[in-house]
Amino acid sequence: AASKLEISMPAVVEVEFGGTARIECNFYIPENASYTYIDWFYVDRSNRQVRLYHVTASGVLEDDTDYKGRLSLEENKALSLSLVTLQDARTFVCQVGAGSYGVGENSTELSVYSDSEVPEVRRGCTQGSGRLPARPNPCSRLSLPPQIARCVSRNSFPPPNITWHKNGEQLHPRENQVTMPSTLTRESSGLYTVSSTLYAPVTREDRLSRYHCTVHYWLRGQRRALESQRVKVNIFYPTERLKLQVVSSSALVKEGDNVTLVCEADGNPPPVFSFFKKNLNEWQDVSSLAEPDSGVLNLPDVNKSSSGMYRCQSLDLDDMTQKEEDVDLVVNYIEGVRVKMNPSSTLREGDTVTLSCDAHSPVALNYQWRDGKGRKVADGNQLVLSNLTFETSKTFSCRVMAPSVPGLEQSKQVSVPVEGKPRIVAISSPLYVRQDEVINLTCKAIAFPPPIVQWSINGTAHEYMDNQHIASNLTVRVSHDLLQAGAMCRVSNKLGVSEKHIQLVDQKSTAESQGVIIVAIIVAILVVAVLGAVIYFLHKKGKIPCGRAGKQDITKPEARKDKIVVEVKSDKLSEEAGLLQGANGEKRAAADQVGQSDGQRP
């Protein structure tokens, strides 16, 4: 065990700016004796100790100092200082009095730091407004070391230092080449702001380079670093190469497409662009079609005349140098689509006609034929139509396509009129009517040229056309004369006439005729029933033997048996009545004779 008073304190206590510092004072007194007093001091700039606290067994006395209000004494007599400032970076002393063991003291150095903020970096060279950029120093041309960027780090303590990096590699100063002047500013808070500016030569290739700065500082005995964001420097350089290309929605340009000519230059800032089109041996200025202040020329809805040589011309306003680039625009097209008809004279029903299609294009063409309803009927540039009728499609279209240029096609329609005299295709005959009834008579015909429909009777007529068909509806009242004579529909054009008769049938007479027919059918059924009963009666009496021989006699009668004749006719009531009479009278006797003759057979 120690034989004297001992006091232990940390040599250094580090605290962040604005934080709270805690300084401990640990002491040992032999034989567990008690302290007489504990005093806390700080050392001012004159190296003089200024008391902060006096602690005895009877109480704690705080001296009136600048620290009053920020100081406190903990239970174990440790000193606590809040809201630490940079001025608090000084030495603090703890003194302990132990009676007969004397007086002892020790000290701690309070170190205040401020963590650096992330450094800000700003590009030095920027493009000015207008076509001609602002290029005063330090934003010079490539020949002079321009200002690349400026880096600023704020609120640091102690002061940090700044390094520069290009594409991740640290840059070092070189005389008349790379310089990095720095400035250090102490703020009112006591913290430091450090700035550094990088000047370095650049080339065209540096347009893709990235620059950043790094702030280095010490914190709690360790070296720390913070990096800024990476920036791209705006470097000015003249145009060396010009590129002009055709931009279209399809690989091969066709008539009707929207085409854009894009001119690109590798200079910065971009030069002024102009566009020209070659007509014969002269260049025509078409810059009015270009977008303002850009290298884009718009050509909407191009056609055959849009084809040709186009030129883009660039002008660098800094050194007034010009460059040119040409491109050939080819617009694929189809023109002159025509259809010939052979023979070209008037066509009649039954004729044959040949349709021929032709067109002009710089690329190979395919041909296809479609009818008036859009249905495909044939491939090839010829279409042969045989045995023409009115029902043959009145129009055909030739579709011309360029298989090598998707979407390029044209169509031409041709009319194929077939002439002939009218043909009545539908008529309302026979028509069952009643006298004094109002009815509609219908007559439908097909013809070309369009025919005229006439009726043999008076009435109210309504006509309508359906393609080459004409239909006429005649509204009339049924008279006795109309019922007897009927009506005639007459359809005519310059090539002929067709007529058809409409028969009118009285529904009352029809009903009477139907009654007669029903009566005849009933009588016939009764005759058959009576004959069946007679045959059955003779069979029971044994007059008609069964077996094969009997069947042969009936099915194959001899000459004398031909007198038995059964004839049923339903068309004349007089004959039906006679047949019934014969069956009940005379013919019954004949049947009995047949039975007797059969009975006398061995």
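Backbone N, Cα and C atoms are what each Cβ position is placed from, and that goes for glycine too.
In TrEMBL, annotation is done automatically, which means it is predicted and not curated.
Computed from a predicted structure; not experimentally measured.
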Per TrEMBL record, range annotated region 'Disordered' [choices 304-326, 580-602]: 580-602
Confidence summary for the domain 'Ig-like' (238-328), mean pLDDT rounded: 92
The domain 'Ig-like' (151-232), counted residue by residue under DSSP: helix, strand, coil: 5 helix, 49 strand, 28 coil
The domain 'Ig-like' (3-111), counted residue by residue under DSSP: helix, strand, coil: 9 helix, 55 strand, 45 coil
For the domain 'Ig-like' (422-503), residues assigned helix / strand / coil by DSSP: 6 helix, 54 strand, 22 coil
